[in-house]
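The following features are taken from Swiss-Prot:
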- 1-41: topological domain 'Cytoplasmic' (TOPO_DOM)
- 1-32: region 'Disordered' (REGION)
- 42-62: transmembrane segment (TRANSMEM)
- 63-315: topological domain 'Lumenal' (TOPO_DOM)
- 203-305: domain 'Fe2OG dioxygenase' (DOMAIN)
- Asn211: N-linked glycosylation site (CARBOHYD)
- His226, Asp228, His284: Fe cation binding site (BINDING)
- Asn263: N-linked glycosylation site (CARBOHYD)
- Arg294: active site (ACT_SITE)
- Arg294: 2-oxoglutarate binding site (BINDING)
Amino acid sequence: MAPQRRGPPRVPEGNSAAERRHANSTKKDRLPQEAQRTWLRIVALGVSLALVTFLLWSSAGIDDDVAEVVAHRGEVLEGRFIEVPCSEDYDGHRRFEGCTPRKCGRGVTDIVITREEAEQIRRIAEKGLSLGGSDGGASILDLHSGALSVGKHFVNLYRYFGDKIQTIFSEEDFQLYRDIRQKVQLTIAEAFGIRASLLYLTKPTFFSRINSTEAQTAHDEYWHAHVDKVTYGSFDYTSLLYLSDYLEDFGGGRFVFMEEGSNKTVEPRAGRVSFFTSGSENLHRVEKVLWGTRYAITIAFTCNPDHGIEDPVLT
């Protein structure tokens, strides 16, 4: 019998071949995992960048429907005035020749009230508001009527605190208040070409302190658009004296004149006076305060002596 031909004996598979196949298999499995990890890193980076951008945007108090800043915080304006057509709001009220607005507009100046005066009158606001304060984000102090925010309500600080008021405020405080009111009144009269003696202080004229605390009542919702002549029928000329600085003391909280397609905004600066006619030609709102505390005083004037109020007196 012829011998059977056999091939070379089968050698058992060595560890090296098995390891090569295992390595190839592992490498194939690893590729999708690495791609997934790379993708996740890209997504995480994108989210981080978006978050940083949002935080920077928010901290600056940017409002995306504001088209133009007419008064930057860093500017020191001798005077800037923008004339706009008067609305018909004044027609529904008794007119006073030589005072009722025929020239309408808005102005800003940084040279009427000094920063030192603004700091001094802010301390008056701080002393008064230390007696109370709203549970929400907006607190009011009215030295004329005595109205003070306390919790979710208002009290008359003169009746509520009685003789203690003499230890909180001084006659110098009230004299400074009167001096500043007079300076603002003269500024408005000059800008609109009317006699200052025809303007009467009217209510409400008040300090405001706004922070980012969530609103608790309708009185805390200061950010809604409104017209002063509609909200307060006595107003003919409105002014605001800012007592703190945008982006230093607070974020958000800018003043926005609302116009179709091109809003105009004023950035608060301590000592800055913003003033305007009170009709619908100056529809406006205040941005929500996002951080910090914003102080200001609203000083309103009327042409109707029947709606006039006296300067506050410390008695």
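A Cβ is built for glycine as well, from the same backbone N, Cα and C atoms used for every other residue.
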Ask   = With the Fe cation site defined by His226, Asp228, His284, which remaining residues of that chain have Cβ atoms positioned within 8 Å of the Cβ centroid?
value = Ala225, Val227, Val230, Thr231, Thr238, Ser278, Asn282, Leu283, Arg285
Query = For His226 (Fe cation binding site), which residues of its chain lie six or more apart in sequence with Cβ-Cβ distance below 8 Å?
reply = Leu283, His284, Arg285
Between Arg294 (active site) and Asn263 (N-linked glycosylation site): CA-CA distance (Å) = 21
Ask   = What counts of helix, strand and coil residues does DSSP assign across the domain 'Fe2OG dioxygenase' (203-305)?
value = 11 helix, 47 strand, 45 coil
Note = Within the same chain, the residues at least 6 apart in sequence whose Cβ is under 8 angstroms from that of Asp228 (Fe cation binding site) are Phe235, Thr238, Ser278, Gly279, Asn282, Ala300
Pairwise CA distance, Asn211 (N-linked glycosylation site) versus Arg294 (active site), rounded so that it is a whole Å = 6
Ask   = Looking only at His284, Arg294, which of these recorded positions has the biggest number of Cβ atoms within 10 Å around its Cβ?
value = Arg294
